[in-house]
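Colleague: Here's the feature list from TrEMBL:
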type     : residues : note
DOMAIN   : 40-289   : domain 'G-protein coupled receptors family 1 profile'
TRANSMEM : 27-47    : transmembrane segment
TRANSMEM : 59-77    : transmembrane segment
TRANSMEM : 97-119   : transmembrane segment
TRANSMEM : 140-163  : transmembrane segment
TRANSMEM : 196-222  : transmembrane segment
TRANSMEM : 234-259  : transmembrane segment
TRANSMEM : 271-291  : transmembrane segment
Amino acid sequence: MLCPNISFVNFKLSGFHDLGEWRPFLFIPYFLMFLLSTSSNSILIYLTITQKALHSPMCIMIGLMAVVDLSLPIFFVPNMLLSFLLNWNEISLAGCLIQMFCLLYVGSFQSTLLVWMAVDRFFAICRPLYYHKYMQMPNFLKYIIVPVIRNIILIVAIVSLAGRLSFCGTNEMNHCFCEHMAVVQLACGDISVNNIVGLVTVFLIPTVDFILFSLSYFVILASVLQSGKSHLKAINTCITHIIVMAVTLTFALIAFLSYRIRNNLSSSARVFLSTMYLLFPSCFNPIIYGVRTKEIREQFLKFIKHVLPKCINNEA
């Protein structure tokens with residue numbers, strides 16, 4: 001029964017509830033992914049900060065990507081793991097909106113950073129004579145300001161509109177974290193404005209970023225192909241980056257559209273996709289953008305050679 005004069009201020013997160021007694025076993029894969037994301041991104045951040053050889057624009061952006069990839073799982077995975085093991089699944093409305101803002105705002109910079117990386121590669125490969133001119137910090141800030149303002153305005157609008165809704169039907173959310181549409185669908189009022197703003201945000205941030213990202217790399221690929229076989233490594237890198245971006249965007253769009261289009265996706269499949277578009281890049285970006293980058297790989301090997309002997313000596 002709906003009680004229009006009452007609005008819930010606490011929610012119960014019940015993602016994967018249809019798995020029944022198998023639900024606690026989800027702790028293992030999600031914990032391993034969280035451990036991989038935390039350790040790999042922490043090492044990447046440490047190397048970027050401490051090694052002067054990695055203070056180039058591209059390596060700094062990879063370090064910033066590691067900060068984003070480290071932060072995103074921290075915002076929701078620990079609570080999710082506790083829910084799997086101990087059934088701790090309650091969250092306040094304020095906590096839910098804060099979590100939503102952190103995930104959306106920090107997550108928006110995954111695609112934005114990829115665009116900045118593509119710009120860096122464009123000048124390095126296609127316009128090498130102009131690289132230092134355009135990639136100096138004062139000039140590079142011109143590419144940063146507009147996306148940052150765009151992300152702030154759109155994410156604040158989404159969270160503010162969600163915070164104004166009344167939740168008088170049920171407080172049980174079939175999800176593991178406060179995803180925007182999972183929260184909005186619990187509202188008992190008109191949510192058409194929330195839907196429109198959500199669609200606009202999806203188009204203006206990840207979709208536009210993916211288009212710009214792809215265009216930049218296609219121009220790079222065309223330039224490389226004209227220059228001969230000596231740039232096969234660059235071709236391989238570009239294709240790998242495009243594939244990772246496409247897979248992440250596919251996860252995000254399927255999870256997003258599953259709330260708006262009739263489909264046969266089970267609730268668990270929907271929650272799984274929602275967790276994957278946050279966890280998948282956090283786990284694999286350090287490999288794609290870190291280990292595969294020559295300068296970072298060299299510094300990582302030096303780090304391993306320096307740390308392992310110390311650990312062995314201390315144990316001895």
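A Cβ is built for glycine as well, from the same backbone N, Cα and C atoms used for every other residue.
Help me picture where these features are in the structure shown.
Modeller: Beyond the ends of the transmembrane segment (97-119), by six or more residues, the same chain brings 58, 61-62, 64-65, 68-69, 71-72, 75-76, 91, 143-144, 147-148, 151-152, 154-156, 158-159, 162-163, 177-180, 183, 205-206, 209-210, 212-213, 216-217, 220, 241, 245, 248-249, 278, 281, 289 to within a C-beta distance below 8 angstroms of the stretch.
Within the same chain, residues 108, 111-112, 114-115, 118-119, 121-122, 125-126, 147, 150-151, 154-155, 157-158, 161, 180-181, 184, 234-235, 238-239, 241-242, 245-246, 249, 252-253, 256, 260 sit at least 6 positions outside the transmembrane segment (196-222) and bring their C-beta atoms closer than 8 Å to a C-beta of that stretch.
For the transmembrane segment (234-259), same-chain residues at least 6 beyond its ends with a Cβ under 8 Å from one of its own Cβ atoms are 110-111, 114, 117-118, 121, 125, 179, 181-182, 185, 198, 202, 206-207, 210, 213-214, 217, 220-221, 224-225, 265, 270, 273-274, 276-277, 280-281, 284-285, 288-289, 292.
Within the chain, the transmembrane segment (271-291) has long-range Cβ neighbours (under 8 A, six or more residues past its boundaries) at 15-16, 30, 33-34, 36-37, 40-41, 43-44, 62, 65-66, 69-70, 72-73, 76-77, 80, 103, 107, 110, 117, 174-177, 179, 182, 240-241, 244, 247-248, 251-252, 254-255, 258, 265, 297, 300.
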Colleague: Can you work out the mean pLDDT of the predicted model over the domain 'G-protein coupled receptors family 1 profile' (40-289)?
Modeller: 85
